[in-house]
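Participant: Just lifted these from Swiss-Prot, have a look:
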MOTIF     34-44  motif ''HIGH' region'
BINDING   35-37, 41-47, Thr231, 261-262, 269-271  ATP binding site
BINDING   Asp67, Tyr212  L-glutamine binding site
MOTIF     268-272  motif ''KMSKS' region'
Amino acid sequence: MSEAEARPSNFIRQIIDEDLASGKHTSVHTRFPPEPNGYLHIGHAKSICLNFGIAEDYQGQCNLRFDDTNPVKEDVEFVESIKRDVEWLGFTWSGDVRYSSDYFDQLYQYAVELINKGLAYVDELTPEQMREYRGTLTAPGKNSPYRDRSVEENLALFEKMRAGGFAEGTACLRAKIDMASPFIVMRDPVLYRIKFAEHHQSGNKWCIYPMYDFTHCISDALEGITHSLCTLEFQDNRRLYDWVLDNISIDCHPRQYEFSRLNLEYTIMSKRKLNQLVTEKVVEGWDDPRMPTISGLRRRGYTAASIREFCRRIGVTKQDNNVEMMSLESCIRDDLNEHAPRAMAVLDPIKVVIENRAAGEEWLTMPNHPNNPEMGSRQVPFDSEIYIDRADFREEANKQYKRLVLGKEVRLRNAYVIKAERVEKDAEGNVTTLYCSYDAETLNKDPADGRKVKGVIHWVSVAHALPAEIRLYDRLFNVPNPAAAEDFLSTINPESLVIRQGFVEPSLADAVSDKTYQFEREGYFCADSRYSRPGALVFNRTVGLRDTWAAKATQ
């Protein structure tokens, strides 16, 4: 299959193919323009993969441009986080990082040009009056009493705005288009507003800041963007995008195309609601492993490759649709099943004493991956005292239970066959210690007498086990569409985080956060980037071995 044939086909790529074939464009230039007022989430990853992926596939360019036109909400912290996320996903932007604030001087001159053409005016309606004058979807708006000011007066007032002569909220620059337009975005939209706030790039040079719709199209044009890709909520804004570029002296006129945003079940994408989760301490922070932020997914153990594959699988369309969480989880399972080294961890330990074995360690060679010899092997200690998981033992059980039962045998992973002989209990009747015998001739082989041992369980040596905090992360919400609830916080899954104190094998002593392991029979886990350190290990569950929510949904 050729590289072109391997590309995911969608309507945007078809448009690009047609533009290149017709000679409308000789190259492709896209951009990813986030506002630095928060952390990127999985929905942004879709846009990143689309814009950077197109540039890569067509040997074009993709700019990283920060839409930094609101100094009140923006911060360098978010700038650095976004740059880190884009790079972590595996993409490189063309040239230097760009900022809309780089173009503030030019944007101001284009605003003056619109005033000189009689296409913009300084309005002094209050925000409340402006909303009243705007009209509704079924009723036209009405003209501001300041709409017919002369060019000279508007130029003077706009300069006064720039000089700080108006208080915030008392004046703004508006485009003069059509207050009766059926599209509210075209009813004399605001182009500039006043904000007395220090900007993270330009400092205190400006006290007036351009609006997104004015800035976005001009920035695209100044950078020579060929295909400006936005989500569907900006579809009506395309009319204003074109109006601005049609009415200023600029050579390049990019075309905007819209695609559906990502709606992922069991999560929310609203920046306001995500911020509420953080500020109300429902989650630990923006990088909480339950959050849909890229930093949260990274801390949870998701790989960049799995997120890119997810974006490839869901595709790009114009139709809004809900994507099942299992689609994302399937991508990380597929990736980790192939690439994650194996290790053993006991999350709910019960002590096992092997009575017919002398104390003393024996080092067993275990493969790091059962299907990939190239991943090598590791040495794991075995001794006469081990931990197994409490769920792997029953005093009585039916034939469907394939683990350890009193009086019966089970195989220890990559080790020996053991038989449960007797138990020791506490005053409440809980098993505290399990006494077993082992067959010394069954190391990685069947019993010599031909008896069948069906079950296999994992274990760790008591003398060598490393204590670890195991954080069992799950979906943050317990309904598919939490945003539809009257109070989305009422749909929080109370079991989205369960903490266990367990033990892991010694090979994990130096586990690092950017490496995810399969804890055999438990799931995929990574060391927590914030808290885990040698001697105080903390592991986050990335995803279980199988989807347990599908079964819940049918109950």
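Just so you know, glycine gets a Cβ as well, placed from its N, Cα and C.
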Participant: Give me the Cα-Cα distance between His44 (ATP binding site) and Asp67 (L-glutamine binding site), rounded to a whole Å.
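Facilitator: One finds 14 Å between the Cα atoms of these residues.
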Participant: Within 10 Å of the Cβ of Asn37 (ATP binding site), how many other Cβ atoms are there?
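Facilitator: If we count other Cβ atoms within 10 Å of Asn37 (ATP binding site), we arrive at 16.
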Participant: Same-chain Cβ contacts of the motif ''KMSKS' region' (268-272) under 8 Å, 6 or more residues past its ends?
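Facilitator: Contacts with the motif ''KMSKS' region' (268-272): 37-38, 41-43, 261-262, 292, 477, 482-483, 488.
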Participant: Have a look around Leu262 (ATP binding site) and count the other CB atoms within 10 A of its CB, chains all included.
Facilitator: 24
Participant: Out of Glu35, Ile42, Lys46, Leu262, give those binding-site residues positioned within 10 angstroms of Asp67 (L-glutamine binding site), comparing C-alpha atoms, in sequence order.
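Facilitator: Neighbours among binding-site residues, in sequence order: Glu35.
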Participant: Far apart in sequence but close in space: which same-chain residues, 6 or more away, have a Cβ under 8 Å from Ser270 (ATP binding site)?
Facilitator: Ala483
Participant: I need the nearest neighbour of Tyr212 (L-glutamine binding site) among the binding-site residues Glu35, Ile42, Lys46, Thr231, Leu262, using C-alpha distances.
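Facilitator: So, of the listed binding-site residues, the one sitting closest to Tyr212 (L-glutamine binding site) is Glu35.
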Participant: Please report the three-state DSSP label of Leu262 (ATP binding site).
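Facilitator: Looking at the DSSP assignment, Leu262 (ATP binding site) belongs to neither helix nor strand, so coil.
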Participant: Measure from the Cβ of Ile42 (ATP binding site) and count the other Cβ atoms within 10 Å, all protein chains considered.
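Facilitator: Other Cβ atoms within 10 Å of Ile42 (ATP binding site): 22.
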Participant: Need the DSSP three-state call for Thr231 (ATP binding site) to compare against my parser.
Facilitator: strand
Participant: Ten-angstrom check, please: count other Cβ atoms within 10 Å of the Cβ of Asp67 (L-glutamine binding site), all chains counted.
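Facilitator: Total other Cβ atoms inside 10 Å, all chains included: 19.
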